């Protein structure tokens, strides 16, 4: 793939709009042994769209827990429990869209295409992000309290709009400023987190919402009954495969990320993927739970991928982050991350 020159990159960015979507989100975690307390509301949120006003719902299973990201209407369905952890901040999803110019099909996709224009500048301004890539698009979640810094950081590069009641309203720094401005502090050298590269092959897929009832029993089985209670919740570095399954229903669009073993349980004619039928490998980031305040974690992974024009999907969860890269690129990505970890820290 040909890389863009800096001039072409700037032109490409200027042709992009940044939308602050009309959702206020909560990031939560349900413990594995507490899942039984939440199957009723989760089934309602997944399968009974007409019974809830939730418009943004994402459920991701990892070895440690289930991460549930959902809007305020969906959050009302989850009862307080010792098995439910709720991150304190309200998060706003940002979405980058082309404003009419067709993007080149040869360009890298996923988080790679927004790494330099959105993720890196926000990291430099000490704004922590929570990423949620789907089959359809990439959502960059930022804390509501950081919105003025986000707008002031990105408004030179993007036309920024805020969705309000179905309308897109232009937003400028002064519209959201609470006296805040760009963060002038020195850049902090980010922690380089350990990574684990499991052997699973993953698929990024979608589904027509009308056919969701057809796979209901399979989806319930995979989501709620596939884990043995004796399963080790902490994957070891030598572990071959890692449990990971993600289901999102956002503004009427469904996205699924699963490994090929899970995929075999679903009817092949209902799930669809890109024409290339690409398989993906995972880079799991973090040795200890990452928390929600550290900045630059996503940039640290997405920047070198962008420099090498390697496509990537990126899914943050309550404890760890996960980047999916094309299977044919996993060796070069592994070498790249190894090199990054061996470089001496610069001030």
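Each residue, glycine too, has its Cβ placed from N, Cα and C.
Per DSSP, the domain 'CASTOR1 N-terminal' (24-84) is made up of 22 helix, 21 strand, 18 coil. Here TrEMBL flags 24-84 as domain 'CASTOR1 N-terminal'.
The annotation domain 'CASTOR ACT' is assigned in TrEMBL to 91-156 (among others). Secondary structure counts, DSSP: the domain 'CASTOR ACT' (91-156) has 24 helix, 20 strand, 22 coil.
Sequence annotations record features per position, and here TrEMBL assigns domain 'Cytosolic arginine sensor for mTORC1 subunit 1/2 ACT-like' to 193-275.
The domain 'CASTOR ACT' annotation in TrEMBL covers 276-338 (among others). Sorting the domain 'CASTOR ACT' (276-338) by DSSP state (H, G, I as helix; E, B as strand; all else coil) yields 23 helix, 17 strand, 23 coil.
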Between the stretches 24-84, 193-275, 276-338, which wins on the count of C-beta pairs under 8 angstroms to the domain 'CASTOR ACT' (91-156)?
276-338
Work out, from DSSP, the number of helix, strand and coil residues along the domain 'Cytosolic arginine sensor for mTORC1 subunit 1/2 ACT-like' (193-275).
20 helix, 22 strand, 41 coil
